[in-house]
């Protein structure tokens, strides 16, 4: 529904045609969604049909239950019937999806120690077996701990005394909190470890390992030790903590060698099944000691993904006119759900729960309720019956789930908010805020649903893709190539209050809104990619969706450090230091009608770190090399003056991690090339991508000044080597490939950026450029230490180099006789901070220049578009600009167009006004001279409805001018480009619409003009007395214009009917992401005006008959 698309109600994907023309070709075929619903009955395997009806996981007494009876549930919706399992003879093997912990009492285990206290930390792993059974594994016996260096003179005799003192200090500190049921410190042990920060040359030193009773005691224990704890005979030394800021789950996974989403095995006889007094709704619930858990690395057969159950859902609300739905007052009228078993091609479940009767939908089960309370409880019971592992949808995190929970609370449906897998644990809503320089501030909500993974596709797209608009319609068109009907929230109430057929139409629409996120999840491989990223980095799946980047590197660092007896210190950061970034070789701007070879350093920053052994563990402090007596060939001095020992002295942790990641990626790519199974290919592709991203993020981890372990010396040394290598590559290429050395021409590096150089070898064919590019890459690589390697990547021909970070060209990579694509970097063709007209014009101009090799045609086309703009012939959908509302109006330093418009819209209609985090669509309208641009922003629909004039001069000067000059100056010359494009006859004719509201119109009187000569007439007729002889001719002309408008409107109407999947129902779509919507609105208004004009001719006279 439209009311939940508030995360960016901006304009959509740029249309295929510039200049506002109607799409005569390539019209979308009628929607097949409703027909596809009928496939449900054909996609279930025979064995599912033969299974006996299984036992429904009954809700906890007093918490859930309700209106969704077992008779309403198709047996195929439930999990497979649980087979008999004997823990004494059969192992339990499952893929874990989520790991968390709680504090409780642990039941006794075979061969395990008896619990010594009532409250102990217990880890909880939720997962799925190969047969599809849901599992909850309670893992006991693991306690939180951290390290600290032993003070000078500290011996074994001080251990008990320090433990007593620390216990007493923690007990005093925790007096105001929960009372401890036993000692806070379980043990303190002496051990030999070494800090990973810096090379000291003395090897391991004495450390204390402090084990605590509960994870929540880590913070106070660390603080008290930093302040100082009395040790008899040693005074009150201060203790520096190591690994005290590591999450309890990460600590356990590192120690147990468990990675995210891998397969766990519980050996026979080592675990106990909970048959009674289960704490969760999972089919299998077991207890096991942490040391008995076998973790399988995700390789070979253990790379597979279990048959996870994925649920996608969408809700519809009946809001009041002009007011955004509020859960305290506005009812939930429909909840539609689709279920998919991972690995199967089609959903196995389609369910529409509706308030009031609804006509049947082919291929879907429809259940109707008279009371909203019953509808809500039925969906909650359905969740427990279906038992999804992953829940997805579009904006479910900030709208659907919070609305359902809040609405149930308002209606006092007390048994509703138990949507997780833990018995009696409520699903609560918590506000969350994220802010960064890249994305600004984003407010969101977090809904606890323990045991189920939430994957909101809107949040995924916001994090991973830069789009012009993030409405479901826009992203579906961008990634899936299909549009959807978008119904305004005010119309939804009318459909609900209609009849069974209107409610059926609403249910089909709601089912489509639940179906598209599922399609996006599969098409973008979101689940597979995140599972593989969790496996590669070693963190739980949920961390990837809710946490930042650093935890992924910390996990890998801890694993590698543990094997070598190294510890990670707790570093306090200020975040004030900065360093010089990568080198950009000054571009030789111009239009190159010769092949330009691009040479690229493969994994540049990881390669530098490996080649030069750059790591925390190899860093030498100033003067340390001399103090340690290191020989000159045992350490290096980086271009920034920092020193690191070579791998012959000590192999760094980071280089080892990077080697493992890159070698694993190489293996994954080799397996991918041989694999034929589509599911295995998806997993392998996701794995190689996760390995690549993880390798590249290691450098960013060292450079993050506010982070777990920042190290300016590493990050600035990496960029220093990178700058040096780019410059050396330029020198090597230009010195070898010369006429003196027998080549056809002197090579020239025309541009270099971070990890690549663009070379002009002076040859005329792409094949020759490819050959020389490969030769040059191999020759330059021989001058750098392994594994640094320069590779031939592609050839641009022709190539338009505009400035730093801005260029375009036809890309050849695999074949020399056909280009792969037109590649643009940094140009308005790929940017989203301007109107679609700019992207379309830049793209079409580049296509004429690069593909057609017709610069004159490109100039002529640009002049035509500018003329159309000034004459008001461009469709308004092409002129819409979108900007994200990242802060409140008061927080912006200056006035912003989109912020001011949002405030005005809020005063007009608070319900439909944009909110924080939305992308605000606007156009710039004409106003008095000197009015600031931010005051001229207006809602595109408001502009259409009130015929407000567009400020075409603004679009020419502020939107089109600079992008066009950037493209054409290298071709026409700096002085000539402006005079040819922005001056001349094509800019002299302008058309300005007359506004229907505001301004001087309030003080003027409208008078009729003759349709023929435009002179003022003092009667209601159509023509003056001088044009009366031509009245029939003028009438025919206006009738012809009316017919053309009617035909255009019919074509647009039919196109919208095809999109909505019905050719006999009214079009109610209001998708602002669709250019057809604006065209339809404009033509409807033009039709009304034309009909009024024809009425001035009056009824036909007797002579007409």
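Every residue gets a Cβ built from N, Cα and C, even glycine.
Among the features that Swiss-Prot reports, Zn(2+) binding site is placed at 1010, 1013, 1024, 1027, with the record citing similarity to another entry. Around residue 1027 (Zn(2+) binding site), the C-beta neighbours below 8 angstroms that are at least 6 residues distant in the chain are 1010, 1011, 1012, 1013, 1034.
Annotated region 'Disordered' per Swiss-Prot: 1-31, in sequence order.
Annotation comment: Swiss-Prot describes 4-19 as motif 'Nuclear localization signal'. For the motif 'Nuclear localization signal' (4-19), the predicted model reports an average pLDDT of 37.
Residues or ranges marked as motif 'CysB motif' by Swiss-Prot: 1056-1074.
Per Swiss-Prot, the feature zinc finger maps to 1010-1027.
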Tally of residues which DSSP labels helix, strand or coil - the zinc finger (1010-1027): 0 helix, 1 strand, 17 coil
CB-centroid shell, 8 A cutoff, Zn(2+) site 1010, 1013, 1024, 1027, site residues removed: 1011, 1012, 1014, 1015, 1017, 1023, 1025, 1026
Binding-site residues listed as 1010, 1013, 1024, least Cβ neighbours within 10 Å: 1013
